[in-house]
Amino acid sequence: MGTKWSKSSLVGWPEVRRRIREAPTAAEGVGEVSKDLERHGAITSRNTPETNQTLAWLEEMDNEEVGFPVRPQVPTRPMTYKAAFDLSHFLKEKGGLEGLVYSRRRQEILDLWVYHTQGFFPDWQNYTTGPGTRFPLCFGWCFKLVPLTEEQVEQANEGDNNCLLHPICQHGMEDEDKEVLVWRFDSRLALRHIAREQHPEYYKD
């Protein structure tokens with residue numbers, strides 16, 4: 001019986017079906033805009049700069065000089081487990097993040113760079129609360145934030161070459177728990193979603 005969906009229409013369908021199945025889904029722990037991008041392929045009207053902090057921040061960055069364009073050169077998409085995992089290993093191999101003192105501004109620069117070059121909407125790099133080690137909410141991201149001891153902070157502050165505005169000289173002023181945090185790579189974070197185990201309440205829709 002002839003219908004629009006005849007056998008000839010199914011040519012190539014197995015490949016399309018495979019691609020649909022393999023299409024990456026947003027990683028657990030991403031923000032509301034990334035969930036929109038996964039579900040609808042676009043940012044919906046429920047997320048605006050007035051209702052979403054990350055969108056408001058991106059709008060603000062448009063008007064600020066940050067050293068590179070803040071408009072993505074590729075389509076905006078949600079961070080996936082595989083992309084977070086690959087990015088973690090790329091940054092570990094290239095160096096620059098491991099052991100770097102964390103600050104909100106440094107996170108913003110990293111988020112903007114990833115958004116600009118890869119298109120991943122910058123609501124994926126969030127961490128559990130302190131005190132102590134902060135684990136990433138986004139499953140696949142293998143960098144956690146680890147507090148330095150007072151002795152480590154004092155050693156890092158020795159000498160005359162320290163800038164007062166450097167995050168380590170702020171002695172944790174930016175942190176609610178007054179801890180100086182550094183990024184640390186931990187490959188186990190790709191296997192165990194520690195943030196979800198410790199804080200299941202963060203993952204309720």
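Glycine is treated like the rest: Cβ placed from N, Cα and C.
Swiss-Prot assigns the feature region 'SH3-binding' to residues 69-78, out of the candidate ranges 39-48, 69-78. Matching 2-5, 34-37, 62-65, 198-201 against Swiss-Prot, the residues noted as region 'Acidic' span 62-65. In terms of DSSP helix, strand and coil, the region 'Mediates dimerization, Nef-PTE1 interaction' (108-124) has 11 helix, 1 strand, 5 coil. Per-residue pLDDT, averaged over the motif 'PxxP' (72-75), rounds to 71.
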